[in-house]
Amino acid sequence: MNQPTGPSSQSTQASSSSELSPPASEGISQNIVWHETTVDRVARESNLTQRGTVVWFTGLSGCGKSTIANELDRLLIGRGAASTLLDGDNVRHGLCSPPSGLAEEHGDEFAARFGLGFSAVDREENIRRIGAVSSLMANAGLITLAAFVSPYRRDRDRVRRMVEADGRPGDFLEVFVDTPLEVCKQRDPKGLYKKAIAGEIANFTGISDPYEAPESPEIHLRFREGMTPADAAVEILQAMVDRGVFQSRS
C-alpha cells in the first residue's frame with residue numbers, strides 16, 4: 001500500500017481551527033448571516049479523543065470500496081471510535097434521491113429540479129451534497145467514511161478543498177481502491193456491468209462513462225489476489241493511527 005507522507009498529528013492539531021469557518025459569501029443572499037456557535041471543534045474532538053476526518057473511498061463499481069469501508073467502520077467502533085459511514089447507494093434513497101424517488105411525494109416539477117440521475121452534472125451535485133455533509137460531520141469530530149464511485153477528479157478535489165477549508169490540511173484522506181476493470185466485471189455483484197454492456201444502463205462508469213483515477217491518494221489499495229476486505233481495513237486503520245486521526249484503544 002502506498003502511503004505518501006502526510007501532515008503529522010502535532011502539526012495538524014497545532015493548526016486546528018476552533019470551529020467551522022464562514023464560507024465565502026459570493027453568491028449568497030445578504031440576508032443569510034453566519035451564526036457562530038459556542039461549542040467549538042476542538043472541544044468536540046477532545047471529548048471524543050480523535051480527529052474529525054473524512055476518509056473518502058473511490059473506485060469502480062464492484063472494486064470493494066463499500067465492503068472495505070463497512071469493515072473499517074466495524075473496526076473503528078470496536079475500538080471505541082465515533083465513526084459513521086456514507087454509502088453511495090444508500091444516499092440515493094434520501095439526500096440524493098433520483099427524480100423517480102421524489103415525484104410521488106413532492107410532484108414532478110420538484111422531482112425534476114432536485115432529483116439526481118447519473119449525468120455528469122448530476123454526479124457533480126451528488127458529490128457536492130455528500131461533501132458538504134461529510135464536512136459537517138468531520139467538524140462534529142466524527143471519523144466520516146464516504147464510499148462513492150466519484151469518478152471525476154475535479155469533484156473529489158473540490159470535496160477535499162471544502163473539508164480542509166472548514167477544518168485543517170490533512171482532514172481529508174483519499175483511499176483509492178484500485179481494482180482492475182476486468183476484475184470488477186467478473187465480480188459484478190449487482191449485475192450492473194452486464195446491464196451496462198447490454199446498453200440497458202447509460203452513463204455507467206468504466207463502460208460508457210470515464211473513471212479518472214486519483215493522482216496522489218493518501219492511501220492506494222492495489223488489488224492483489226487473496227487480499228480480504230478485513231486485510232484492507234486493517235491497513236487503512238493503521239494508516240489513520242500513523243497520521244494521528246485515531247489513537248488505537250484495542
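Glycine residues also receive a Cβ, built from the backbone N, Cα and C atoms like all the rest.
Given the structure is predicted, the values throughout are model-derived calculations rather than measurements.
Annotated features in TrEMBL:
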type	residues	note
REGION	1-30	region 'Disordered'
COMPBIAS	1-27	compositional bias 'Low complexity'
DOMAIN	51-221	domain 'APS kinase'
BINDING	Gly59, Leu60, Ser61, Gly62, Cys63, Gly64, Lys65, Ser66	ATP binding site
ACT_SITE	Ser150	active site, phosphoserine intermediate
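Recorded features from TrEMBL, shown on the structure.
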residue : record                                  : DSSP (3 states)
Gly59   : ATP binding site                        : coil
Gly64   : ATP binding site                        : coil
Ser150  : active site, phosphoserine intermediate : coil
Inset, instruction - Enumerate same-chain residues with a sequence separation of six or more from Ser66 (ATP binding site) and a Cβ-Cβ distance below 8 A; give 'none' if the list is empty. - result: Phe57, Asp87, Gly88, Asp89, Ala147
Legend entry - Nearest-integer angstrom distance between the alpha carbons (Cα) of Gly62 (ATP binding site) and Ser150 (active site, phosphoserine intermediate): 13
Inset, instruction - Starting from the Cβ of Ser61 (ATP binding site), draw a 10 Å sphere and report how many other Cβ atoms land inside it. - result: 26
Legend entry - Proximal but sequence-remote residues of the same chain as Gly64 (ATP binding site) (Cβ under 8 Å, at least 6 apart): Val177, Thr179, Pro229, Ala232
Inset, instruction - Give me the Cα-Cα distance between Ser150 (active site, phosphoserine intermediate) and Cys63 (ATP binding site), rounded to a whole Å. - result: 13
Legend entry - Sequence-distant neighbours of Leu60 (ATP binding site) in its chain (C-beta under 8 A, six or more apart): Val149, Thr179, Leu181, Cys184, Thr205, Gly206, Tyr211
Legend entry - Cβ neighbour count within 10 Å of Gly62 (ATP binding site): 23
